[in-house]
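Visitor: Let me give you the structure first, and then I'll get to my questions.
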Amino acid sequence: MTRISREMMKDMLSVYFIMGSNNTSADPVSVVEKAIEGGATLFQFREKGSGSLTGEERLLFAKRVQDVCRQAGIPFIINDDVELALRLEADGVHIGQDDADAEETRAAIGDMILGVSAHNVSEVKRAEAAGADYVGMGPVYPTETKKDAEAVQGVTLIEEVRRQGITIPIVGIGGITADNAAPVIEAGADGVSMISAISQAEDPKAAARKFSEEIRRSKAGLSR
């Protein structure tokens with residue numbers, strides 16, 4: 001296994017869907033399937049918080065979703081659980097600033113994808129130095145999904161990181177919808193992540209497709 005290239009990582013971040021079983025009232029595996037059919041390019045398994053699965057139920061759910069991702073050929077990333085990622089041979093791990101140490105995580109997972117949440121320029125630089133393949137930056141907009149979210153930043157931090165010549169792949173996080181995604185890409189992000197905008201949508205496939213079309217349109221506009 002070799003480390004993922006930055007160009008490939010940037011493409012995979014385009015429509016970055018995050019979900020746990022407690023983020024939807026529908027069948028969660030079906031929601032992931034529909035999201036991928038609609039254009040999700042990466043999936044992060046985030047099974048935490050009130051009403052989340054534990055133990056064997058959590059493991060079985062993770063395996064089912066991983067199978068869906070494998071069949072579709074998109075990366076399956078696990079949030080903040082290196083042990084589970086290694087056990088399932090996941091494609092990668094995403095950690096927050098209050099989770100595991102990035103350098104220790106990189107050492108533990110080898111060449112798997114490593115994503116790190118960052119809320120200021122110094123955290124981005126530290127993540128890059130520790131071997132992160134991408135950073136998640138935000139919250140860009142107000143969000144209801146993460147009760148412990150940092151202060152809303154808009155797109156200014158993403159712009160500042162790019163102004164400083166930092167080229168690590170970036171995915172925008174927090175309160176992003178298909179209608180407000182364009183400014184995130186225009187600021188310098190390579191993709192956007194979402195939970196409820198797809199997981200709680202009446203039609204997850206259509207919601208994912210709208211994101212996919214908007215991101216494609218925004219990236220095309222930048223390359224002109």
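The backbone N, Cα and C atoms fix where each Cβ goes, and this holds for glycine too.
Marked as 4-amino-2-methyl-5-(diphosphooxymethyl)pyrimidine binding site by Swiss-Prot: Q44, F45, R46, E47, K48, N79, S117, K146. According to Swiss-Prot, the feature Mg(2+) binding site maps to D80, D99, an assignment based on sequence analysis.
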Visitor: What whole-number Å value do you get for the CA-CA distance of D99 (Mg(2+) binding site) and R46 (4-amino-2-methyl-5-(diphosphooxymethyl)pyrimidine binding site)?
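Guide: D99 (Mg(2+) binding site) to R46 (4-amino-2-methyl-5-(diphosphooxymethyl)pyrimidine binding site), Cα-Cα distance: 13 Å.
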Visitor: Pop the Cα-Cα gap between D80 (Mg(2+) binding site) and Q44 (4-amino-2-methyl-5-(diphosphooxymethyl)pyrimidine binding site) into the table, whole Å please.
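Guide: Their Cα atoms are separated by 10 Å.
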Visitor: Across all the protein chains here, work out how many other Cβ atoms are within 10 Å of the Cβ of K48 (4-amino-2-methyl-5-(diphosphooxymethyl)pyrimidine binding site).
Guide: 14
Visitor: Other Cβ atoms within 10 Å is the metric here; tell me which of the binding-site residues E47, D80, D99 scores highest.
Guide: E47
Visitor: Determine, to the nearest whole angstrom, how far the Cα atom of E47 (4-amino-2-methyl-5-(diphosphooxymethyl)pyrimidine binding site) is from the Cα atom of D80 (Mg(2+) binding site).
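Guide: Their Cα atoms are separated by 10 Å.
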Visitor: Where R46 (4-amino-2-methyl-5-(diphosphooxymethyl)pyrimidine binding site) and D80 (Mg(2+) binding site) are concerned, what is their Cα separation in Å, rounded?
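Guide: A Cα-Cα distance of 8 Å.
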Visitor: According to DSSP, does S117 (4-amino-2-methyl-5-(diphosphooxymethyl)pyrimidine binding site) fall in a helix, a strand, or coil?
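Guide: DSSP call for S117 (4-amino-2-methyl-5-(diphosphooxymethyl)pyrimidine binding site): strand.
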